[in-house]
Amino acid sequence: MKIAFFSSGTFGLPVLEELKKENHEIVLITKVDAPSGRGLKLQPSPPAVVAEALQIPIVKVNSLKNDFIEWYFSQGFDVAIVVDFGFYIPKQLFQADKPVMVNIHPSLLPKYRGPNPIRRAICSGELETGVTLIKISEKMDEGDIYLQERVLIDPDDDYVSLTPKLQHVSMELLKKFFLELKQGNLRAFPQLGDPSYAPKFTPDELWIDWQKPAHDIQNQVRALADVGAKTTLGSKLVKIFKVRISGMEDSLPPGHYVAEKESLYVGTGQGSLEILSLQQEGRKKQDAASFVKGLREKEGVFGG
């Protein structure tokens, strides 16, 4: 099958690799190289890096205008897959009968429409999420549903552990999609239920408010497990990557920590947390036991 694969982020990488393994003829359409890192050097998108390694043809774009549209329809694609792309898809593309265009969205639509569904589902304390394959529409993530599958969110799941589960389900749903398309059984149905939106995290949302309940802070840390939820210790930035609800009595004021043996506990607005993994500015990421060994003060305040 000849596939146009529209992607600029990381979520679609395992799907791209699996499609290549299954010997589909793929062309990657991705964003042009963008400045990144300390030196702001031009860097290719993550899919472009993978595609180059797999010898997949790459088309880099900064918009999808007339020249691109003409090229696109001249290629004889059977299917167009859109996942974590970052550009508006023109109506000429998504309304065409061929190639059939499908968008992979990692939520149970209509819940968590928008660019950040995985983090938002975790941060909201959801017990389940999923993957939905939809038609592209003029309004973001409002297209009819081809296929949908639920995925349980385990209590210990965070962004790092949940994302691969959703990527695996995405590929399994695509296989079903290809089969139904081949058999002429592909159908789509309207989204039902109350919609919600999943915007990107604002800079303020990356910081921990220790006045919030322990459960809410735990969910925030789980949602930011790859980048770390921010706080401070004195003048130093601290990123927290993993916590759990502590069995300690509510004796610690919000933000106040105490180090006991190899454990680190911190008070919140309701309950307390045990910090398991963190990184202080200028140091490597550490488990709590290693961090505690280097602490001069066994009691203090985060975010103070």
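Positions of Cβ are set from backbone N, Cα and C atoms, glycine also.
Using a 10 Å Cβ-Cβ cutoff, Ser107 ((6S)-5,6,7,8-tetrahydrofolate binding site) registers 25 neighbours. Marked as (6S)-5,6,7,8-tetrahydrofolate binding site by Swiss-Prot: Ser107, Leu108, Leu109, Pro110.
A count of other CB atoms within 10 A of each Cβ picks out Leu109 as the most crowded of the binding-site residues Leu108, Leu109. Within 8 Å of the centroid of the Cβ atoms of Ser107, Leu108, Leu109, Pro110, where the record puts (6S)-5,6,7,8-tetrahydrofolate, the same chain has further Cβ atoms from His105, Lys111, Tyr112, Arg113, Pro117, Gly130, Thr132, Asp141, Gln148, Gln191, Gly193, Pro195.
Pro110 ((6S)-5,6,7,8-tetrahydrofolate binding site) has a Cβ environment of 19 other Cβ atoms inside 10 Å.
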